[in-house]
Structure formats: structure tokens, C-alpha cells
Ligand SMILES: O=P(O)(O)OC[C@H]1O[C@@H](O)[C@H](O)[C@@H](O)[C@@H]1O
């Protein structure tokens, strides 16, 4: 197990390596996982060629941490402030072939405008663990104040799928979902293909599979309540300044999420876990 401080673009980042050679890099800005390579050296995450990597803006790619608000489902910043705040490295280590880093964020770390807009005492802990061909994330939200606060959360994972037209998601048949036009439907086919834009919210199943031309990713989650599936398609991609026009063909986002802001009592804590196995 090795941990070193490095730079990703202009961002200070932590790189950690498991005994088998699997390696990941996390920026302190956003506790943002920017790279995950399995022991065979293959990169598993997509990062846009056009994203700023200097802390001026949220990063397009990797694993943005969404807290305390999902998208525009609340009164605050779209997708929350966690992805644009600078976290602290709190712990690292490993045993039995694994390696982990743990990052933390609390009220005292926030920029003044975010602290004013979110006047709650909280503590976030995010631990990424490499173990064999799996990446695990454990995310804990603690209410360290005297009054409840509402929060939503997601791990907005951008998978490098190589070729979108050879990519499907399975494990969602018979699940209810809401699409980007707010239609609620049941998925009556086994595999979701990407021949159009998708921005879907599925009620949580505990597992699903992302199938690319070369890899099957097995995804599981606990503690979250939904899966969000997003690919912008060509029209929305062209409107995103931090994404090259054709890069939508390289990634799919699948996000364990709790999209609605639900209350957390004073002194209480919530934990969500996400595992990606290959
Ligand atoms: O551009 P952002 O803020 O990173 O959001 C990207 C996408 O994030 C997804 O989680 C949402 O479902 C989409 O609606 C949204 O477009």
C-alpha cells in the first residue's frame, strides 16, 4: 500500500496504490476521484478533455460528490457545494491486499458563501477502498449540530465505456423509472441501450450491471435510495462547454443517489455504500 501527494492538472491530489498494482487518484477539491486503474493498468473512469482542473469550477468526469442537494431538488447550489469545496485527507491505510484513503469535510472548511447558504453543523467522511478488481466508496453524513437538516446525496460516477453504442445496462427490467420529461414508466425490456439521451431516475435495486464492449461492471449500493442514469446525447453534449462535442460517446454516468432532501436528526448519521466490481 502506497500513498503519495501528486497533482492532477493544477489540483493537489492523493494517489494510492494497492499491493496488486490497482491505483486511484483523488483530488482534495471535491474529494473527487479522478482516476481508477485496475491492476491490469486499464483506466475505468472518464474525465472530459475540456474540464477545468484548477478549482474554478466543478470537474466534468470522475466521481463528483453530490451533497447536500441533488441537481435542482432544493433551494441551494445545483448538485450542492461538496464538489466545489476543498476536503482534507484524514486517513489512509490498508490490509489483506486492500488500500484506502479517507477524506473529510465539515462546516469550517466551506467558503463563506456556502457556509452562509448552508448554516448547519455537519461532518462528511468519504472513504475510497481498492480491493482486487473492486472499488468501494463509503460515505457518511453526520449532523453535529443541535437541529435537523435536510440533505440529498449522490456519487455521480462517470464510467469510461469506450464506445457508447456497444454499452448497455442490465438489471433494471421491471423497475419503475422517471425520464427527463418526468414520465414515470416501468422498464419492460431487459437491457437499456444508449441510442438517445437518457436522464433517468430508477428506484433502487441493490445491484445492476454496466456492460461495455470489453468489461462488465457489477454495481451495488446500500443506504442510497435510487440509481440515476445519465448520458447527455449529442444535443445536450454540444451545449456543455466543459465536454468535447463527441465525448458523450465515451461515458455513461450511473449514480447511487438519495435525490430528495430528507431530514437528518441532530446527532444522527447516515451512511451510503457503493461497490463497483469487475
Ligand atoms: O452539469 P452537471 O451540473 O454536472 O449535471 C450533469 C447531470 O447530472 C445528472 O445527475 C442529472 O440527472 C442531469 O440532469 C444533469 O444534467
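Counting starts with 1 at the first residue shown.
Including glycine, each Cβ sits where the backbone N, Cα and C put it.
Residues or ranges marked as active site in TrEMBL: 156 (among others). Of all Cβ atoms in the protein chains displayed, 23 besides its own lie within 10 Å of the Cβ of residue 156 (active site).
Positions annotated as active site by TrEMBL: 255 (among others). A strand conformation is recorded for residue 255 (active site) in the three-state DSSP classification.
A 10 Å cutoff on Cβ-Cβ distances gives residue 255 (active site) a total of 25 other Cβ atoms nearby, all chains included. In this structure the alpha carbons, written CA, of residue 255 (active site) and residue 156 (active site) are 5 Å apart.
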